[in-house]
Amino acid sequence: MSNKLFPPQIKVAATYMRGGTSKGVFFRLQDLPEAAQVPGPARDALLLRVIGSPDPYAKQIDGMGGATSSTSKTVILSHSSKANHDVDYLFGQVSIDKPFVDWSGNCGNLTAAVGAFAISNGLIDAARIPRNGVCTVRIWQANIGKTIIAHVPITDGAVQETGDFELDGVTFPAAEVQIEFMNPAADDDGEGGCMFPTGNLVDVLEVPGIGRFNATMINAGIPTIFINAEDLGYTGTELQDDINSDNAALAKFETIRAHGALRMGLIKHIDEAASRQHTPKIAFVAPPKSYASSSGKTVAAEDVDLLVRALSMGKLHHAMMGTAAVAIGTAAAIPGTLVNLAAGGGEKEAVRFGHPSGTLRVGAQAVQENGEWTVIKAIMSRSARVLMEGFVRVPKP
């Protein structure tokens, strides 16, 4: 046994929450150690240690992470610095096996838990919380500079978490939380340019050594590259193991994603994609087909408008990222995109798409002015609940 003295662990107030089909560790900014209250290496080091990364075993045994992109997540919330907003929401996607936290995008699934956490942790004026009803929480999504509105159910003055709303990819029902992503498309002066960074609804994406692909590259909710499943040799009915057990396929998707990121202006050199795993996402789409979901439940072709499979952090997602669902709903609403064409074409205000765990309905209000498409908002329902609250402990730096 070593005689060396080691400092004790520190404890930080935290809440472990499920939001949509993801889980993450939530913090109030004021509860973080002083050095971690500002962006930088101290904050990243703390969050990496909380989650249990980097882990060469890719299991995150020594932390709160669950060794998947859906469960290697952190959230920092504070009173909003923006007028007409309640809370600032900052999301950090923690790499599982590498020492970095990706701050380049939002997590749409955990967005469902932001309002509930803010209400329960004193970030919302108590006078605004009804005894019974719905509390509207205006969220400033600090990663992407966008407004999100969460409608959180309240019973007896507290967040209502239990209910009968069922979400494919989540085993148990809970209370429904409606979320509005306001003006979700990228601004002209934002990173990656406007909603369609290339100016086209469909581009030909040249990927050396792999091929040429028709692609819709959109920045709404989260930057996303959509490709036809057929062009990749898939049907759109694939489940996680079909893709994630194929290292060659994963490498191909990552190469396509990197070239798409370059084409979208998100990176300046192809090598930068390796340290920007959270964005852009890559997904493939197909017309409706019947298939068995990962739970064994049959998804009938007539029950969906299209099929979508998406990768997150280098792996096929078990359901669908909430931000990617915003991109799907937005692209579906705009005639001529690959997503819209897979859903049958024409003008659409909402679609129900099939994903590996089942189906999800998402709506978007899109308008065309002077030949340019804009999206007023995208809407979907998720659920959220507290799994554990108290303190997380980490070794003192």
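Every residue gets a Cβ built from N, Cα and C, even glycine.
Asn109 is the only one of Asn109, Asn244, Asn370 that Swiss-Prot places in the substrate site (with Ser22, Ser69, Ser70, Thr71, Ser72, Lys73, Lys281, Ser312, His317, Gly322). For the residues Cys107, Cys135, the entry in Swiss-Prot flags cysteine sulfinic acid (-SO2H) at a single position: Cys107. Sequence-distant neighbours of Asn109 (substrate binding site) (same chain, six or more apart, CB under 8 Å from its CB) are Gly19, Gly20, Thr21, Ser22, Ser70, Met321, Gly322, Arg382, listed in sequence order. The two recorded residues, Cys107 (active site, proton donor/acceptor) and Ser312 (substrate binding site), show a Cα separation of 11 Å. Counting every protein chain shown, 30 other Cβ atoms lie within 10 Å of the Cβ of Cys107 (active site, proton donor/acceptor). Here Ser312 (substrate binding site) comes close to Ser69, Ser70, His278, Lys281, Met321, Ala324: these same-chain residues lie at least six apart in sequence, with C-beta atoms under 8 angstroms from its C-beta.
Sparsest Cβ environment among the binding-site residues Ser22, Ser70, Ser72 (other Cβ atoms counted within 10 Å): Ser70.
In this entry, substrate is bound by Ser22, Ser69, Ser70, Thr71, Ser72, Lys73, Asn109, Lys281, Ser312, His317, Gly322, whose most widely separated C-alpha atoms sit 17 angstrom apart.
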